[in-house]
Amino acid sequence: MKRCCEGVGLPCLFKGVGMASSRPPKYLLVFDFDETIINENSDDSIIRAAPGQELPEHIRQTFRDGFYNEYMQRVLAYMGDQGVKMGDFKAVYESIPLSPGISELFQFLSKNHEMFEIILISDANMFGIECALRAAGVYSLFRKIFSNPSGFDKRGYFTLGPYHSHKCLECPANMCKRKILTEYLAERAQEDVEFERVFYIGDGANDFCPSVTLTSSDVAFPRKNYPMHQMAQEMEKKQPGAFQATVLAWESATEVAHYLQEVLKKKC
């Protein structure tokens, strides 16, 4: 396990954000962003700021599986050419609805913040995540945010880069969340912060990769019937017991809040 900090720099970037905590918490809570905290894929959402709220076919045809970050760089360049500015993107990010129950979960975490260290690992981008979290009033809950670097160049174009490089064959070329999570845990251990349990809340295939590293004392909260949940079920069928963490699928994040509340009650 090593610290993951090998991002690719861009001018005027939002890359990593952190807030110090006053005392070591007992639990690490890891969030995904798209279709977990928010109820949409934010890369799809920002198309609402494009002319006619759609992309031309010649842009859409450039998509390659596993290289979505590169595809979005082309999308953003096109939108810049069309005159879409920072305020247009910001307005979209701030208007994306939260997933069911997420507000209630954040209210619970705000009241019990001393028990949880909260981080976010997302293949979206730093600017969009910060806009959405600030609009929801929950930005300060997160100790660290890991996402693709983004910002605005001298032309006012929204720019995006890859988070890092890695050797994982299961993940997109620009980000392996397993690498980020394991290196974060190692870094915190070096700082004498070790967690009793890790809780991971996500939805996508790229959330399944880090959840495989969780131990039998940890809990994976996949969104019900989304890829992370389906992949965990498939692994259990093919290799019973290989997925060590407890799996608790959710339709509303209030279910996550209720589980965490019970965890705290048992510790009292």
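One is the number of the first residue shown, and numbering goes on along the chain from there.
From the backbone N, Cα and C atoms, a Cβ is placed for every residue, glycine too.
The Mg(2+) binding site feature in TrEMBL is assigned to Asp32, Asp34, Asp203. Among the features that TrEMBL reports, active site, nucleophile is placed at Asp32. Per TrEMBL, active site, proton donor is recorded for Asp34. For Asp43, Asp123, the entry in TrEMBL reads substrate binding site.
Long-range Cβ neighbours of Asp123 (substrate binding site) (same chain, at least 6 residues apart, Cβ-Cβ under 8 Å): Asp34, Tyr68, Asn69, Ser147, Asn148, Tyr163, Pro172, Asn174, Met175, Lys177, Asn206. Cβ atoms within 8 Å of the centroid of the Cβ atoms of Asp32, Asp34, Asp203 (the Mg(2+) site) belong to the same-chain residues Phe33, Glu35, Thr36, Ile37, Ser122, Gly202, Gly204, Asp207, Arg223, Tyr226, site residues excluded. Applying an 8 A CB threshold to same-chain residues 6+ apart, the list for Asp203 (Mg(2+) binding site) reads Asp32, Asp34, Glu35, Thr36, Pro222, Arg223, Tyr226, Pro227, Met228, His229. Neighbours of Asp43 (substrate binding site), defined as other CB atoms within 10 A of its CB across all chains, total 19.
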